[in-house]
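K.L.:
Would you mind keeping the following structure in view while I ask a few things?
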Amino acid sequence: MDALEIMEAQEEMYLQAVALKKEEAQLLEEEKRLEEEKVKHVRELRRVASEEASRFKSRPKLNDRYVLLNLLGKGGFSEVWRAYDLHETMEVAVKIHQLDPRWSDDKKDNYTRHVSREYEIHRDVRHPRVVSLFDVLEIDANSFATVLEYCRGTDLDSLLKERRRLPEREARAVTLQILAGMRYLSRPAEDGMRQGIIHYDLKPGNILFDEDGGVKITDFGLSKIVEANDPGDSMELTSQGAGTYWYLPPECFMMHGGVRISNKVDVWSIGIIFYQMLFGKRPFGDGQTQDSIINNHTMLNAHQVQFPSDVQVTKGAKDFIGRCLTYDQALRPDIDQLCQNPYLQISLE
C-alpha cells in the first residue's frame, strides 16, 4: 500500500469509530428512556393495585362534599386521593388516615394526637410555597381525613428517579423556592404565639410541584413548633429516632439529653436535597438502610462532604452545600442567614 492508501484506510477506520460512538450514544439514550418508562410503569401498576385494594374505592363521596377520583399514593396508615370539592368546585387532595381496629386505645389516641398536632401546625400556614390545608373531617370510628391543596405536578422524589440529576440552574431554582417557603415557616407568627416552625422532614418526597413547576412544601407530620417562651429560637429535641435519616443533621442522632434544635435542622436538609439534585445521590448514607445508618453512626460521622469528580458544578454551589452541611450546628447558618448566601444572588448562564 502506498502512503495515500494507508491514510485512506486510517480515515475510514476513524469514520467507522465515529459512527460506532454515535450509535453507542444513541443506544445509551434509548436505554435511559426505556428505564424511565419502566419506572413510571411500575409506579403506576403499584398505584392501581393500591387503589383496587382500598376500602374507599367503593365509597366515592366523603361528607357529601368530596368526590374521590383516583388514588395518588399510599404510605403507612394513610392514603392520598385526588378529589373534587363540590362546595368550592375545585380539585383537592384528600389524605385519609386510618386507625387499625386491632390497635389498643392508647395507640389510637397517640396516632390521633399526632395527626391533630400536624393539623394545628398546618392550619394557620398560608404561603405560595407551602401546600394549603382546607378542612378536616371524620369518616368513621377508625378513619378521618384532611383536605389539602392539590398539586397537579409531580414531586421531587419522582422527578429525580426519572432524571437522576438536574442542571445546576434548575436545581438552584428549586432550592430558592424551598428556601422562600422555609423562611416564612421559620419566622414568628403574627399573633406572637410561636417563634417559628421546624419542618424536620424536608426530603424530595415532601417537595411537590404545581402545574407551572412551582414548589410546594408538604407533610408537617414531624414538624416542631418553637414556642414563644423557648430560649434562643431553639427547642429541646425529644424525638430521636423519628424522621428520614439521610436528610437529618448529626445533632438529631445525639442520644445524650439536653440537645437543642432549631431551623438549622432544615438548613442541613436543604443542603442534602440540593446535593442530591446536582449529583444524583445523597452525600451520606446513600445505599444504606435507616437501620444501618443508625448502627454505623453514619450521620454522627458526617464531618466532611465529598463531591464527585464526574459532575461539573460551580464552586459557588459546592460552597453553598458546604455551609448547609456544617457539622457543628453552632457554626451552621440558620434559614435567614442562608437566604443571604452570595450563591443565591449570582447569575447562572
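Any Cβ shown, glycine's included, is placed from N, Cα and C.
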K.L.:
Between the candidate ranges 17-51, 157-191, where does TrEMBL place the coiled coil annotation?
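P.N.:
Within the set 17-51, 157-191, TrEMBL attaches coiled coil to 17-51.
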K.L.:
Find the average pLDDT over the coiled coil (17-51) in the predicted model and report it.
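P.N.:
The predicted confidence over the coiled coil (17-51), as a mean pLDDT, is 83.
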K.L.:
Return the residues near LYS95 (ATP binding site), defined as same-chain residues 6+ apart in sequence whose C-beta is under 8 angstroms from its C-beta, sorted by sequence, else 'none'.
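P.N.:
Same-chain residues close to LYS95 (ATP binding site) (Cβ under 8 Å, separated by 6 or more) are SER78, GLU79, VAL80, TRP81, ALA145, THR146, VAL147, LEU148.
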K.L.:
Using DSSP and collapsing to three states, where does LYS95 (ATP binding site) fall: helix, strand or coil?
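P.N.:
Going by the DSSP assignment, LYS95 (ATP binding site) falls within a strand, counted as strand.
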